[in-house]
Amino acid sequence: MGDENIKVVVRCRPLNSREIARGANRLISMVGNQTFITRPDSYWSFDKNDPNYATQAMLYNDLGEEFLDYAFEGYNTCIFAYGQTSAGKSYSMMGYGEDKGIMPLTCCELFNRINNNKDLELTYQVQVSYIEIYNERVRDLLNPKNKGNLKVREHPALGPYVEDLSKLIVNSFIDIEKLMDESNKVRTVAATNMNETSVSRISFVDLAGSERANLTGATGTRLKEGANINKSLTTFGKVIASLAEFSVDKKKGKKEVFVPYRDSVCYFHLIYC
């Protein structure tokens, strides 16, 4: 699976109309795999950078194509969209109208590869699940009648799974799109200021935005929601940092590093991605 199991691709969106009206200036520039920020001057290096003029197709070419290659090789794969509210996470993942994001572009290519398969002894079956994790409670969006909190269990051989989660067979991206359109109507959305059979799993995760509580104006349920979001994102940071440390230590022959997957339902469910 290449030299690294984890790749970081940074996308910088253009200024929106509100920011332009306020006279905002762009403080971020990208050269190669380096991202530069002014005031104060600093820079970081990432696996790939997509500047403000990057199209959805450019993002897919940088990330989605390689991601799909690994899935066809039998690896479990996962893409996280991480960033502040209004950073463009959902746009990058799903897109808008005809400007499709990385998820529909990847799914379309997935079925293109399946339909162009020349090996008559090789067959594919694609199943879809769609869940929402809200305040650490798991909800099956493909079965909105089940409003209970689904349990995340652990199979001794297969690892973590969501008990009683719907898995629907699909034959095209149009099938997936129809399911998602119906499922998105029941999502929780709130505004704030090597056998004969081989299985691999592709996961797309659109993480919630991270803001300081005193800047959102949230109270009550929304404040609790924000606290759970920030706790989950903190766990995400710890998981990625631990995996990076594990990768370095493994090369040096050191013992395994503890990775805190179980601190959050989301990352425990994705432990084998």
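A Cβ is built for glycine as well, from the same backbone N, Cα and C atoms used for every other residue.
In the three-state DSSP reading, GLY83 (ATP binding site) counts as coil. Residues annotated as ATP binding site in TrEMBL: GLY83, GLN84, THR85, SER86, ALA87, GLY88, LYS89, SER90.
Residues or ranges marked as domain 'Kinesin motor' in TrEMBL: 5-273.
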- request: Grab the pLDDT values for the domain 'Kinesin motor' (5-273) and give me their mean, rounded.
  value: 79
Message: At 10 angstroms around each C-beta, which of the binding-site residues GLN84, THR85, SER86, SER90 has the fewest other C-beta atoms nearby?
response: GLN84
